[in-house]
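Here the structure is laid out as structure tokens; the discussion comes afterwards.
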Amino acid sequence: MTWTANSCVVTLAILFLWRGEEVAEACSCSRYNAHPQEKFCSSDVVIRGKVVGVQEVDAGNDIYGNPIKRIKYDIKQIKMFKGPSYDIDAIYTELSPSLCGVTLENGKEYLITGNLNDDGTIHIHLCDFIQAWDDLSETQKTQPYEMGCGCKITLCTSISCMVSRPAECLWMIENEIYGELAKHLACIKRSDDSCAWYSGSGNYFPH
């Protein structure tokens, strides 16, 4: 093999590795560690639905003319918490987790948040709030989050954090709200327009 050929092989190998790293790092979003309520409020669609079919479908071509494939999940909508006036019967996602694709199990029920495209289709992303229905807390199943979409949830990493306005709730990692308590608390606006953490049992907690 000549020096020129060797150089081409090395160059292609570097490009391949670079593209691989690019794809591996392609799935990221600032909302990944957000409270479930924030994901609810920023989503176009929130439903309880059962996956009744899975198929790989064509989704046009990229700018180079290469075909784009996506996963289509056929959905039986059980309840809509937020979204358009029509029932959702299908949702779409990317082919793999490296591209932020979501893997759902056929025959299983989920709480699904997603985005409504201009063509009326629903697209879901790995960073959306998508959980098996049986894994949700009672608070999450009743979805009180809509009553708190006017509130601001601020992530706090130290005990010195303070609220900057009445319509704000601090999400304290030290108080374990980041973990299990995130499943049981919602930041809800009260009658005086202030916000406070609310539990499914009907109790309010300090900011």
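Backbone N, Cα and C define each Cβ position, glycine as well.
Cross-referencing CYS100, CYS127, CYS149 with TrEMBL gives CYS100 as the cysteine bonded to CYS27, criterion being a recorded disulfide. Disulfide connectivity taken from TrEMBL links CYS195 to one of CYS127, CYS149, CYS151, namely CYS151. When you check TrEMBL, the disulphide partner of CYS169 from the set CYS127, CYS149, CYS187 turns out to be CYS187. Among the candidates CYS8, CYS127, CYS149, the disulfide partner that TrEMBL records for CYS41 is CYS149.
Its own atom aside, the Cβ of CYS149 (disulfide bond) has 15 Cβ atoms within 10 angstroms in the protein chains shown. Spatial neighbours are here defined as Cα atoms within 10 angstroms of one another, and by that definition the neighbours of CYS127 (disulfide bond) among the disulfide-bonded residues CYS27, CYS41, CYS100, CYS156 are CYS27, CYS100. The disulfide-bonded residues near CYS195 (disulfide bond), taking a 10 angstroms Cα-Cα threshold over the set CYS27, CYS100, CYS169, CYS187, are CYS169, CYS187.
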